[in-house]
Amino acid sequence: MRTGGMGCFWLFVLCLFSPAGANFTELTGMFGQIQSPNYPEGYPSDLDSTWNITVPTGFRIKLYFMHFDLEPSYLCEYDYVKVMSDDLQETFCGRESTDTERIPGQEFVLTNSNTMTVTFKTDFSNEERFTGFEAHYSAVDIDECVEKLDEALVCDHFCHNYIGGFYCSCRFSYILHSDNRTCKVECRDNVFTEKSGVISSPDYPYSYPKSSDCLYRIELEEGFTISLEFADIFDLEDHPDVPCPYDYLKIKAGIKEFGPYCGDKSPGKIDTNSSSIHIHFHSDDSGDNQGWKLTFTSVGKHSGKFLPDPEGNRRSSGRSQ
């Protein structure tokens with residue numbers, strides 16, 4: 001065990017030798033150095049040395065060479081250094097870059113993950129003395145707030161990066177889901193007792209929140225019947241082969257059930273013939289759709305039709321007297 005000048009950083013090195021002479025070194029420090037055997041003297045023949053570098057999650061690895069001098073060969077057939085990490089693979093050899101050889105020069109290798117493998121192999125002989133290489137690596141913080149994870153933004157609303165990680169937060173009236181990335185709304189206690197009004201998905205006509213379950217109830221006195229009419233803009237995530245497996249809208253009126261509804265076709269007008277309506281809106285953890293809006297009206301047995309006033313139409317989850 002050895003320190004590199006800063007007491008908080010430790011470099012742990014474990015060397016294992018196989019019977020065939022292959023050398024495996026495990027590096028787990030935040031920074032470190034790699035050298036060819038006997039550097040800066042000439043390196044031996046028949047080498048097979050591997051350095052496995054691992055830094056903490058939330059960091060990537062930057063590797064750069066201070067010196068590089070290996071036996072030249074066509075397509076690096078003789079002596080070479082290979083750097084690998086996930087889908088990254090770089091091979092270096094020779095003393096200068098040519099059409100068939102490549103040295104690292106002033107370039108550095110930067111991984112996407114927190115692991116890297118460096119392999120140095122030599123053949124059975126060298127016609128002259130080659131001094132080998134010296135390389136250094138360091139852990140580099142990943143800014144998850146700038147980069148995407150699985151082609152999607154890391155956080156729904158706000159992302160805050162810190163050294164070695166990140167955290168998400170949400171806009172006012174939203175709460176953070178248990179996945180610590182998605183922002184959802186609490187919308188389970190929406191009760192409408194007016195004779196008419198407007199109901200919509202949260203933030204309509206903008207994208208509705210993910211991972212949410214919204215419950216709306218319209219409760220009128222016995223003797224009234226409720227009609228629902230959906231706006232033409234109706235946009236819920238759907239599937240071409242399976243009916244509404246992701247996001248959906250379900251309506252229950254007494255013993256009758258309507259839906260599930262999803263996709264971009266508006267349900268239009270629904271006469272429920274009931275004074276009690278339960279509406280369930282569900283969204284999963286993906287998608288970016290506009291949502292829905294409906295107007296409800298009612299007719300009493302001994303009265304005229306109740307319509308929402310203009311102010312109610314302008315409210316995103318409106319209620320009107």
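Backbone N, Cα and C atoms are what each Cβ position is placed from, and that goes for glycine too.
Unlike curated entries, TrEMBL annotations are predicted automatically.
Copied over from TrEMBL:
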{"type": "DISULFID", "residues": "Cys76-Cys93", "note": "disulfide bond"}
{"type": "DISULFID", "residues": "Cys187-Cys214", "note": "disulfide bond"}
{"type": "DOMAIN", "residues": "20-140", "note": "domain 'CUB'"}
{"type": "DOMAIN", "residues": "187-299", "note": "domain 'CUB'"}
{"type": "REGION", "residues": "300-321", "note": "region 'Disordered'"}
{"type": "SIGNAL", "residues": "1-22", "note": "signal peptide"}
Residues of the domain 'CUB' (187-299) by DSSP state, where helix covers H, G and I: 0 helix, 58 strand, 55 coil
Integer Å distance between the CA atoms belonging to Cys214 (disulfide bond) and Cys76 (disulfide bond): 62
Rounded inter-Cα distance in Å - Cys93 (disulfide bond), Cys187 (disulfide bond): 63
Position of peak Cβ density within 10 Å, selected from the disulfide-bonded residues Cys76, Cys93, Cys187: Cys93
Intrachain C-beta neighbours of Cys214 (disulfide bond), sequence separation six or more, cut-off 8 angstroms: Val185, Cys187, Arg188, Asn190, Ser201, Pro202, Ile279, His280, Phe281, His282
